[in-house]
Amino acid sequence: MSALTIFTESEATTPVWYSMDAAEMAEKLGSKGVRFERWQADRDLGDNPDPETVIGAYQHAIDRLVAEKGYQSWDVISMRADNPQKEALRSKFLSEHTHGEDEVRFFVEGAGLFCLHLDGHIFQVLCEKNDLISVPAGTPHWFDMGSSPHFTAIRIFDNQEGWIAKFTGDPIADGYPRLP
């Protein structure tokens, strides 16, 4: 189940706030400019769907965001435990970084952990199937897919280039809880 855990920047072992209630999560994240919503990922995609199948199944959701925010491109990221690149990708995503655009993800299956570095706190957002998260441009963050990843998410972009990270060099991500 989706969850939001908040830590202070100086204390990575004891949370100061926790909730699994989507409305509470949306309110707390919204106060920081982060969009969090529960959408319906109700299409049967099979065991290992190709990107075209995922896009086709959720084109209506993509169209809604494009109409609302003017996004220009989208793709699908899908990761499974048997992917030979999983360790390299996990390592890359675990380094704190920012983007020059919003980072928008709609989870259509599985789960992943977004960790947002905001105002002296770390907001850990466990996103699961049905979750839409939009992290504002310039927000320092990292993403953990776990050591045995299983997720499929639609990524939506402001530009045609797709995912472009600017790494901060801050090792803060190393001290916070990760997915198993």
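Backbone N, Cα and C define each Cβ position, glycine as well.
Taken from Swiss-Prot as is:
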- Glu96: site 'May play a role in metal incorporation in vivo' (SITE)
- His97, His99, Glu103, His141: Fe(2+) binding site (BINDING)
- His97, His99, Glu103, His141: Ni(2+) binding site (BINDING)
- Asp102: site 'May play a role in transmitting local conformational changes' (SITE)
- Arg105: site 'Important to generate the dianion' (SITE)
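Surrounding the centroid of the Cβ atoms of His97, His99, Glu103, His141, where the record places Fe(2+), the chain contributes additional residues within 8 Å, namely Thr98, Val135, Thr139, Pro140, Trp142, Phe143, Ala165. On the backbone, the CA of Glu96 (site 'May play a role in metal incorporation in vivo') and the CA of His141 (Fe(2+) binding site) stand 5 Å apart. Spatially close to His97 (Fe(2+) binding site) yet at least six residues away along the chain are Pro140, His141, Trp142, Ala165, Lys166, Phe167, Thr168, judged by Cβ distances under 8 angstroms. Cα spacing between His99 (Fe(2+) binding site) and Arg105 (site 'Important to generate the dianion'): 14 Å, rounded to the nearest whole number.
Following the DSSP three-state reduction, the secondary structure of His99 (Fe(2+) binding site) is coil. Within 10 Å of its Cβ, the residue among the recorded sites Glu96, Asp102 with the fewest other Cβ atoms is Glu96. If you draw a 10 Å sphere around the CB of Glu103 (Fe(2+) binding site), it holds 24 other CB atoms from the protein chains shown. Within 10 Å of the C-beta of Arg105 (site 'Important to generate the dianion') we count 20 further C-beta atoms, all protein chains included.
The least crowded of the binding-site residues His99, His141, judged by other CB atoms within 10 A of its own CB, is His99.
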